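A quick write-up on the structure given underneath.
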Amino acid sequence: LKCFQHGKVVTCHRDMKFCYHNTGMPFRNLKLILQGCSSSCSETENNKCCSTDRCNK
């Protein structure tokens, strides 16, 4: 799962996660657009939470 950073680099606080929104199609190249930082990021089919801005958990 690859993440493509949009815009400038964003940093989050230690207790927060980078929240991405999945704009890709299933079983194809997924593009995750950075939505912002959140302390309560819930992962769903269309959302992904990462501990870094590059989605490297």
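Even glycines carry a Cβ here, placed using N, Cα and C.
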Per Swiss-Prot, the disulfide partner of Cys37, chosen from Cys12, Cys55:
Cys12
Tell me the Cβ neighbour count for Cys41 (disulfide bond), meaning other Cβ atoms within 10 Å of its Cβ, over all protein chains shown.
19
Which one of these disulfide-bonded residues, Cys19, Cys37, has the sparsest Cβ neighbourhood, judged by other Cβ atoms within 10 angstroms?
Cys37
Nearest to Cys41 (disulfide bond) by Cα distance: which of the disulfide-bonded residues Cys12, Cys19, Cys50 is it?
Cys19
